Each structure stands twice: as C-alpha cells, then as structure tokens.
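I have placed the structure first, in the form of structure tokens, so that the comments after it can refer back to it.
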Amino acid sequence: MAEFRVRVSTGEAFGAGTWDKVSVSIVGTRGESPPLPLDNLGKEFTAGAEEDFQVTLPEDVGRVLLLRVHKAPPVLPLLGPLAPDAWFCRWFQLTPPRGGHLLFPCYQWLEGAGTLVLQEGTAKVSWADHHPVLQQQRQEELQARQEMYQWKAYNPGWPHCLDEKTVEDLELNIKYSTAKNANFYLQAGSAFAEMKIKGLLDRKGLWRSLNEMKRIFNFRRTPAAEHAFEHWQEDAFFASQFLNGLNPVLIRRCHYLPKNFPVTDAMVASVLGPGTSLQAELEKGSLFLVDHGILSGIQTNVINGKPQFSAAPMTLLYQSPGCGPLLPLAIQLSQTPGPNSPIFLPTDDKWDWLLAKTWVRNAEFSFHEALTHLLHSHLLPEVFTLATLRQLPHCHPLFKLLIPHTRYTLHINTLARELLIVPGQVVDRSTGIGIEGFSELIQRNMKQLNYSLLCLPEDIRTRGVEDIPGYYYRDDGMQIWGAVERFVSEIIGIYYPSDESVQDDRELQAWVREIFSKGFLNQESSGIPSSLETREALVQYVTMVIFTCSAKHAAVSAGQFDSCAWMPNLPPSMQLPPPTSKGLATCEGFIATLPPVNATCDVILALWLLSKEPGDQRPLGTYPDEHFTEEAPRRSIATFQSRLAQISRGIQERNQGLVLPYTYLDPPLIENSVSI
C-alpha cells in the first residue's frame with residue numbers, strides 16, 4: 001500500500017467549479033491503480049479552490065508516469081445520475097510517499113463524464129519520452145484531438161479552417177469565457193441600439209453634407225479618431241497613415257517608376273522644389289510607392305440595389321529632406337495609364353485631389369480588411385492554432401509555448417464566419433467589394449504570399465523602409481519581434497540541443513507540414529517551410545507564429561475604428577466610378593461618391609466592435625496558465641516580461657512627444673492571441 005497526497009486547483013472563472021465526482025488513477029512503471037475518489041466532507045472543487053486529498057494505492061505502481069482523471073455526475077437515490085457539470089481544472093499535484101512533488105498542469109475544461117489523461121509537467125519533445133506508456137499516451141492524445149478538431153475548406157483558394165458552423169458547436173476549451181461572451185454581446189447590443197435609435201441603420205440614401213456626417217462621428221469617438229477628423233484632408237496625414245495607420249505593410253521604397261505610372265518632372269516640381277528631379281530623388285531613395293494593383297478588376301458589390309465601384313490606384317510619395325513629412329506626389333487610380341486615367345497631383349483643384357486621395361483610402365479599406373486583417377491576421381493564426389492542437393501533445397514544449405497565443409482564436413473566427421463573411425451580414429451588406437470581392441482578393445493574395453512577408457525583419461528589408469523616419473509600426477514592431485525572438489531562442493535552446501534534435505522531432509515536423517498543407521495549400525513558391533532542419537530555422541518560424549498571433553494582429557486590428565470613425569477618411573465603398581478626367585469634382589459629387597448612410601453606420605459599428613477587446617484580456621507575455629513547470633523556462637518567461645516592460649516604457653516616453661501617439665504596439669495593449 002502507498003499513501004499519496006493529491007492537491008487539486010480549480011479555476012476562478014465563472015462556472016469553473018463542479019458538483020461532479022472526481023477520482024484519479026495513478027499510472028506508474030509497475031502498473032495502474034484503480035480509480036481513487038477525491039472526496040472530503042462537504043462540497044469539493046469550488047471555483048478558485050485548492051484542496052488536499054489523501055488516497056491509498058493498494059499496490060506500489062512504481063515511478064509515476066501519468067494521472068488519469070475521471071469525472072462523473074453524482075447519482076441520486078431513485079433519480080439516478082444528474083446531468084454532467086463542467087469543471088475547469090488548473091492542475092494536480094501528487095506527493096508520493098517518499099516525498100517530493102509531481103505537478104500535472106491541466107488548464108482545461110472537463111465537460112461531460114469521462115476521463116482525461118495528464119502527464120507530469122516536465123516538457124518533452126517526441127524523442128525524449130522513452131517509456132512506451134508515455135509514447136502511447138502522446139499518440140492517443142493526438143488521435144483524440146484530431147478527431148475533435150477537424151479541417152474544412154471554407155472557400156476555394158483560402159486557408160483551411162475549423163470544421164464547425166457556429167460558436168454554439170464549439171467545446172468549452174476553445175470558447176469565449178462566460179464573462180468575455182457576455183461583454184461582447186452587451187457592447188454589441190448597446191452600440192446597435194444607439195445607431196438604431198438615431199435611425200441611421202435604416203437610411204439608405206446619401207449623406208446630405210459633410211456636416212451631417214458629424215452626427216455619426218459622436219459615436220464612441222477616440223482621440224485618434226478626432227485627430228483623423230481634424231486632419232483627414234491634409235496631405236501629410238494622408239501619407240502618414242501608410243506608416244502608422246491600420247495598414248502599415250504596403251509602402252515600399254521606389255527605385256524606379258513603374259512603366260504604367262508615367263509621372264513626369266513637370267508634374268511634381270512644385271512639391272520637390274528647385275534643384276532636383278524625379279531621377280535624382282529615385283537615386284537618393286526618397287521616393288516611395290503604394291501599389292493597390294491587386295484590386296485591379298476585382299468583383300464589386302451591390303448596396304441598396306445600387307452597383308458599387310472599386311479602383312486599383314498607385315500612389316507616389318516623397319520623403320521631405322531633414323526628417324520632414326512624408327507627402328503624396330501623384331496618384332493614378334488605375335493600373336492602365338492613358339487619357340481616361342489621369343495622374344492626380346497636389347496642385348490640382350481641391351476636390352479633384354481630395355477625391356483621388358479618398359479613392360486611395362477606399363482601396364486601403366478593401367486591401368486591409370480582406371488581406372492584412374482577415375487573411376494574414378485571422379485565417380493564418382487559425383491555421384497555426386488548429387495545427388498546434390492537432391499535432392502537438394500537451395507535454396510538448398512547443399505546445400506549452402504556443403497555446404497561450406491561440407486563446408479564443410477559433411471562437412472569434414467561427415463567429416466571423418457566422419456574422420461577418422456570410423451572405424446577408426456586414427461584409428455582404430455594406431462593403432464595396434462584398435463577399436465575392438473579399439474571396440477573390442484572398443485567392444489572388446494566397447498565390448503571392450511568401451515567407452518573408454510574414455517575418456517582420458525580412459519584410460522591412462524587402463520593402464526598403466529601414467530608415468524612413470516616423471515609422472512607428474516598424475520601430476515598435478522590430479523591438480517586439482526581437483524580444484519574442486530572444487524568448488523563443490531561449491526556450492528552443494532548453495529542449496533542442498542540436499539541429500539533429502529538431503530534425504528528429506516527428507511531432508514538430510508534422511506540425512510544420514500541416515501548416516504548410518492546410519494553411520499555405522502546399523505552395524512551394526511561397527517559401528513557407530514544409531519541414532525545419534535547424535534550430536535557427538525553428539526559432540524564426542515560432543517567432544513568426546507568435547508575432548503574427550499577437551503584435552501583428554494588434555497593429556492592424558486595434559486602429560480600425562480610429563481610422564473609420566470619420567468615414568471619409570476610410571470609406572468602405574464608393575457609389576460612383578473613379579474619375580476619368582480632371583476639373584469636374586465638386587463637394588456634392590464627392591458626397592455622392594461616398595457610401596450611403598446605412599452602410600456607413602453598419603461598418604463603423606462592426607469595426608468599433610472589432611477594435612475593442614470585450615474584457616478577459618491577457619496582454620503579450622502574460623501567462624497565468626503555468627504550462628511550464630521547470631525553472632529554466634520560467635526564468636525565460638520572467639526575462640521576456642521584463643524586456644516587454646522596458647519596451648513599453650520607451651514607447652510611452654516617445655509618445656509623450658507626439659501629436660498623435662502610436663499605441664497599437666505598446667505591449668500592455670497587445671493581446672497574446674487573436675481573440676477579437
């Protein structure tokens with residue numbers, strides 16, 4: 001006989017406790033104990049409780065390998081078993097007769113009656129678990145999760161996603177918490193009611209004037225939104241949004257003018273000033289290009305029975321000398337030059353120039369929402385999440401490292417497939433390119449996607465924007481990338497002693513292969529790895545995954561409402577075609593081109609919700625679920641948190657000197673995962 005003390009920790013969330021009966025079986029090198037009830041006098045397993053139990057094993061099972069946790073509803077006389085009551089277990093701690101503690105992290109919901117098997121908390125890669133019982137358990141765990149979380153092809157040419165139709169179909173481990181879910185719907189309900197009471201969601205006509213638009217601008221406005229309202233017509237603000245707005249990933253240094261963008265010296269002389277030329281500035285590296293060519297010929301939507309229009313503009317920008325502002329030099333609204341595609345200039349009539357800039361901003365909306373936001377910052381993180389759940393067991397160090405960065409991602413993406421990107425919902429009702437345009441853009445971009453785009457340092461180098469001043473997305477993002485990379489490198493160094501150890505980890509290689517096949521559709525031209533051969537490659541890959549799921553999403557999601565609250569700054573649709581000549585634009589024509597009232601308010605409401613985390617947040621580097629139990633990774637986590645705190649202090653100090661602070665990549669404001 002052997003006496004064990006069992007300590008159990010129950011989560012603190014609403015509903016985490018249970019009335020169900022819990023027992024454990026201890027599996028060792030010499031056998032397995034029968035189920036041992038965890039039963040004290042009174043109520044066990046209340047939310048937030050840590051409770052001790054004494055259990056007696058009839059025989060010595062040897063060195064402990066696994067813990068089987070059994071949960072079943074209580075049985076009442078005459079009535080029989082009650083309905084199962086879900087339980088969130090944080091961890092078990094076993095104290096064997098000879099002393100010492102064995103910690104078994106859990107951090108899972110146990111919903112129905114059944115058994116959950118836990119391994120002692122020391123992280124181990126696949127080749128490090130030598131005992132056949134442990135090897136078998138790893139395989140059985142992955143088989144069960146692969147049955148639970150299955151792939152489906154949502155749209156042709158898109159990354160694959162979770163095969164569930166609604167959030168009601170999701171199991172508790174991937175659902176919003178009760179508090180987060182309640183806050184989300186309370187926020188949505190109050191905002192919808194405010195718009196509805198004002199009658200704005202039912203008005204299908206045009207805005208009467210820019211002044212009338214100010215009515216809607218009072219809706220939940222922010223300091224950044226007020227700045228956009230005050231400066232949206234200014235060239236410097238227009239250009240700055242390519243650096244620090246919601247789509248800071250498209251601007252690139254221009255070393256030569258595209259043949260289909262025939263800007264001349266005479267056109268831009270007034271901005272460049274005397275003593276220079278386009279060629280001189282190209283050679284100096286002071287010209288930049290934003291090309292929305294991927295939008296060329298994209299399918300457009302019908303809103304309120306009226307066809308919408310889209311453009312595929314090219315915008316040439318000039319970095320003023322002496323750290324002056326970035327300024328727009330020229331805009332062409334199509335990819336085909338000619339008499340019907342004039343090049344618009346800052347010296348043109350006010351309304352001609354403003355209309356051209358507004359067409360660029362509409363292109364930014366379409367590009368950002370379909371690609372930068374939906375594809376790169378939601379669909380790809382869902383791929384990383386699903387592959388992690390399906391291919392890495394709980395005891396794998398990469399599972400422990402990555403699982404905090406997958407929290408709620410499957411819930412919010414399933415919700416998006418319910419409420420955003422389906423017929424009759426906001427993308428279909430109120431955006432200029434609609435669902436079909438979104439789908440076509442994603443299909444096009446998937447064929448162009450490459451690994452360097454996903455790795456920030458390479459992306460910055462490829463676009464040639466290493467030294468453009470005032471590019472805070474780059475500055476803050478590179479600091480965070482560096483902190484994540486150092487953290488990941490330390491963790492990888494603990495568990496992978498050599499390149500061969502990376503190659504020999506079959507679970508890691510299966511994870512990478514599944515991401516390549518299901519996420520990137522086996523496109524070798526993308527440069528996305530289908531296997532990893534070195535520790536250096538593994539560090540870069542895992543850094544990319546964590547950065548994409550946290551900082552990248554924050555940078556391109558949190559500012560959506562700030563940019564669109566004053567709709568002319570980021571119109572979701574355009575109701576008249578792009579101008580084919582100059583000198584015809586007027587204030588009335590400008591307003592007639594903008595989206596109707598109901599579409600404006602529909603999109604603003606949606607982007608307000610998508611910019612606002614509904615509580616239950618976990619900032620980057622915050623890991624309350626302690627999956628790692630060893631001292632070495634815990635020290636690395638503490639160091640990572642210190643680095644992030646130092647980065648935050650620097651960002652906040654810099655922001656004190658900015659008219660418009662850049663806050664989207666301040667670490668305390670970055671969520672660990674894609675959760676909204």
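Numbering starts at 1 and runs along the chain as displayed.
Glycine is no exception: its Cβ is also placed from the backbone N, Cα and C atoms.
From the candidate list H231, H255, H292, H553, the residue Swiss-Prot records in the Fe cation site shared with H373, H378, I676 is H553. A simple way to gauge crowding: the CB of G17 (Ca(2+) 1 binding site) has 21 other CB atoms within 10 angstroms, across all the protein chains here.
Of all the binding-site residues listed here (D39, E44, D85), it is D39 whose C-beta has the fewest other C-beta atoms within 10 angstroms. For the domain 'Lipoxygenase' (125-676), the model's pLDDT averages out at 97. Ranking the binding-site residues A86, I676 by how many Cβ atoms sit within 10 Å of each one's Cβ puts I676 at the top.
Residue counts for the domain 'PLAT' (2-124) under DSSP (helix as H, G, I; strand as E, B; rest coil) come to 0 helix, 66 strand, 57 coil. A simple Cβ count within 10 Å picks out one of the binding-site residues G42, H378 as the most packed, and that one is H378.
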